[in-house]
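Report on one structure; see the data block that follows.
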Amino acid sequence: SKLAALFKHPLYNIPVPEVTEKDKLFIINPMEKFSLRSSGSDEWVSSSKAETLLPTGKTAYDTYPTWLKFHIGINRYELYPRRDPLLPTLLRDLATQRIISSVQKSGGTQLKLIMTFPNYGQALFKPMKQTRDQETPIDFFYFSDFERHNAEIAAFHLDRILDFRRIPPVSGRLINITKEIRDITTDKKLAKTFFISPAGNVCFYGECSYYCSTEHALCGKPDRLEGSMAALLPDKTLAKRRSWRSPWRRSYHKSKKAEWELNPNYCAQVRETPPYDRGHRLLDLIDMAILDFLMGNMDRHHYETFEKFGNDTFLLHLDNGRGFGTHSRDEPSILAPLQQCCSIKKSTYLRLQLLATQPYRLSDVLREALAADPLAPVLAEPHLQALDRRLGKVLVAVGHCLAR
């Protein structure tokens, strides 16, 4: 396994700083116990009575559902640890747990659903919009592109392979539109958009600002539909997040250009602007630009951080559905932060060099990681080949900076 060998490499064993109590997103009461109700109702309870239901020898933490353990594990330095024993279980839960509620997520430009499981865990479902081998038409603007379910799955694994670990876990899943959405939804607006197509397939389209119409309906075969299931982050009432506008945000206008596209010395003013004037925030932003260039994602207008950790923490790489839309061409402007600032973390640069070598080739390790997903093959082969080509271009860009 190239993937196992990669994660054993010394570059993937650089220790994170010691995590103190103030570095944890949540401080939990170790005596609080959770258990399945003895009635077998699949509901979780938290009470002193639950103690009597616990098998002897189990600690309170053992009784927590996997999604809760994931939330408790978040700290200042990482969303989840490198060798997270919870990850396989969490991915399996996302792919297989019974869905008891499906409602449309408010906001955003395209249709997304919030799925709830019996243990109160929740996932963000993005449905399949186009097939693996379809490319985004060359005349499409990035802001009107489809959001792809397979891009969300591949982005999570790519982010982990780069050792960023800033994207919440995502699994593919085959959904039954009738039983797992239509029949159990309490969302009246969503319920009104279901219909049977002339071919006899179950379809729906929801309400949103792009692609929510009968012309862009999501249809099953006859009621089976692929989608991505992303683990939700802790509720914002429990763990506030701050949204930051990216300095390299595009204009989102059909003819106007952003300042960074016109000013070659743009990075100099970014470096003088908080929070980019100190710490590793700018380097983290450059990490994100490299991830986006490898995926071909032009739609990174904002990023988020957990408010509790202030400016000294990692960036969350959320909403990656507009990645992996094209494999036949690259978008060099995505690399503007790297090219204009000529800065990169040493650890990131060394890992990129490693992923360009035969024993750890990026396309090979990502192909292997994606092979375990329920919807494999997640990416068409040309997208994997494009990753190696783009990785070469990132290394060339760093080379130009070093030469300068």
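Glycine is no exception: its Cβ is also placed from the backbone N, Cα and C atoms.
According to TrEMBL:
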- GLN110, LYS126, GLU147, ALA230, ALA231, LEU232, LEU233, GLU304, ASP319: ATP binding site (BINDING)
- GLU147, ASP319: Mn(2+) binding site (BINDING)
- 194-403: domain 'FAM20 C-terminal' (DOMAIN)
- ASP299: active site (ACT_SITE)
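Where TrEMBL records a feature, it is marked here on the structure.
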residue: GLN110; record: ATP binding site; contacts (Cβ under 8 Å, 6+ apart): LYS129, PHE146, GLU147, CYS208, TYR210, TYR211, CYS212, GLY321
residue: ALA231; record: ATP binding site; contacts (Cβ under 8 Å, 6+ apart): TRP67, PHE70, LEU90, LEU94, GLY121, ALA123, PRO168, PRO169, VAL170
residue: LEU233; record: ATP binding site; contacts (Cβ under 8 Å, 6+ apart): HIS71, PRO168, ALA239, ARG241, LEU316
residue: ASP319; record: ATP binding site; contacts (Cβ under 8 Å, 6+ apart): GLU147, ASP299
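Working note on the recorded positions GLU147, ASP299: by count of other C-beta atoms within 10 Å of each C-beta, GLU147 ranks first. Across the residues the record lists as binding ATP (GLN110, LYS126, GLU147, ALA230, ALA231, LEU232, LEU233, GLU304, ASP319), the two Cα atoms farthest apart are 20 Å from each other.
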